[in-house]
Amino acid sequence: MASFCAIASATNCIPYSSSFSSNKSPLSSNRRKNPAIKFTCKAKNDNHKPETTSKNGENSPGKLDRRDVLLGLGGLYSTSLAVNPMALAKPALPDFKDCIDATQPNGTPINCCPPAVANIPDYVPSATTIRTRMAAQSFTVDSDYYNKYSSAIQKMRNLSLTDPRNFTQQANVHCAYCDGGYTQKGYPNLLYEIHNSWMFFPWHRWYLYFFEKICQNLIDDDTFTLPFWNWDAPEGMQIPPIFNSGVQSPLYNCLRNPAHLPPTVVNLDWSNDDVTVPPNVQIKYNLATMYKQMITQSKTPADFFGSPYRAGDETPEINTAGQIEQTPHNHVHSWTGTIVDPDNPIDMGALYSAARDPIFYAHHANIDRLWTIKLNQLKGTNFTDPDWLNAYFIFYNEEAKPVRVRIQDCLDPTKLGYTYEDVPIPWIDVSTKPKPRAKAKTLPSAPDPAQVFPITLDKPINVIVKRPKKSGSGSPEEILVIEGIEYDKKNYVKFNVYINEDDVNSSHPDNTEFLGSFSNLPHGHRMNVKTNKKFRISEVLEELGARDYDKVLVTLVPKSKPVRINGIKIEFDS
Ligand code: C2O
């Protein structure tokens, strides 16, 4: 592997600890070191205590009143914004003026900062022509499309490192936004982050939009569109040929798991210790995973997109990732990335380096496509919360100029000038829905959660959890909540969750009993976090013939370094 990478590094593999992780980046003018948040991003100063909002939207007692936050931020929104500044005080926003060293999962600082800029204009897209992003598997390496795309990426790689459109700098945009490169505007003790909350889908949509524009500009062809890695359909469940075209190809990356090159079928709920199964079996598991994540577990905008992230929130302590961000998004990353050092993954396996692999952009185009499927085919809805709609990000456009863009302006891809090829969506058919492995079992005995938690999950555990009693009419959905999952963000984390399953080794993603998994892709924030994971279980219990049981058996199976878990309960959906 080492010599393989050495050959490739001259063209398309950035060696570990490369020049841009040194302290002398050509783009360092916008950068400072911030000793106050070196090891934690917990607010130290009471004035910056995270504000929490209860389910009904009221501020929690004892926390900062939102009006105080508005007053405290009063001066920050006084320039260049054409909208009511009061309306903008609530979204969590990156402080673009103040980029700091991000952190690699191994703790080494990394400078991902873009150039400093004074005036950043607002940008609202108004496309008049709609282009179609095509499934990556439709293209061969001798196609015109391959030539265009590889020439665009090669041109990006050839740009000076001082140009924000340079390929490495584009990868650094992702690094700065997800590994602690920015603080939150108005909250200098809180790191800003675009994963694990409702920022995930819109941030990546805008990121791809400008990446595609830069490609179009460099090859002088505005008909060019990014491909999508169609890993949710059997035709696309391998690394697409255009990304696997040899070490000299600009679309290649040597830091991929050598065991997962074609014809290996992707595993959308991959764990490090998964054994390879025949391709048709893996395809069946993948389709069931898609059904479960897109349909069974994604009923509300918060299920699908992730929970709110507002000014002063410390993410993800009180925020949780959406179902799709966890599975399949995280697992396609870790399945694709290298396993040279499982404790220190790089390129697709870790967020700071993921966008150095050209396949990243095709992976995220498919994530973005799932958003369109959720709205169109599955009749889902976007959030209408102004704190989501008004949140903004800053990117560099195809002319290397910074622009400020808002979530509200990216909700309709046709206004951004693109749509997705209409390929089959096999998992949307109810025949792919996970099936019970064994109906209406007698539950084995197991302890009550109070006897078990808190616990460090270093081996599988079973608990019997009481279901809440319904009061009044109606039937609110029951939610299984795994509470207070504590881990260090620099670690790869995964555990699987089963319900009413007495033999987890026989239970697979196409079984109803396999509820799903919790995962964390290594980030460089170097902070211990505490979050929750929720699963919708009413429909699941119905299918398992356990509707009338007053208790359920829950099994947690660790698939990574141990995490600490504080409790498990079942509550009604609010
Ligand atoms: Cu920003 Cu796939 O990660």
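Here the Cβ of each residue, glycine as well, is placed from N, Cα and C on the backbone.
No curator has checked TrEMBL annotations; they are predicted automatically.
The Cu cation A site recorded in TrEMBL includes His174, His195, and the single candidate from His204, His260 that the record places there is His204.
The disulfide entry in TrEMBL for Cys99 points, among Cys112, Cys113, to Cys113. The disulfide partner of Cys175, as annotated in TrEMBL and taken from the candidates Cys41, Cys112, Cys254, is Cys112. Residues 92, 125, 170, 173-174, 177-178, 224-226, 301-302, 305-309, 313, 315-316, 319-322, 325, 351, 361, 364-365, 367-368, 371, 383, 388, 391, 393, 395-398, 405, 407, 410-411, 413, 416, 418, 521, 523, 531 of the same chain lie 6+ residues outside the domain 'Tyrosinase copper-binding' (195-212) yet bring a C-beta within less than 8 angstroms of a C-beta in it. Measuring Cα to Cα from His204 (Cu cation A binding site), the recorded positions that fall within 10 Å are His364, out of Cys112, Cys175, His329, His364.
Taking a Cβ cut-off of under 6 Å from any atom of ligand 1, none of the disulfide-bonded residues Cys99, Cys112, Cys113, Cys175 qualifies. When DSSP labels each residue, the domain 'Tyrosinase copper-binding' (195-212) comes out as 13 helix, 0 strand, 5 coil, counted as helix, strand and coil in that order. Among the recorded positions listed here, namely Cys99, Cys112, His364, Cys112 has its C-alpha nearest to that of His174 (Cu cation A binding site). Report note: the Cu cation A site is defined by His174, His195, His204, and the residues of the same chain whose CB lies within 8 Å of the CB centroid of those residues, excluding them, are Tyr177, Cys178, Ile194, Phe200, Trp203, Tyr207, Leu351, Ala354, Ala355, His364.
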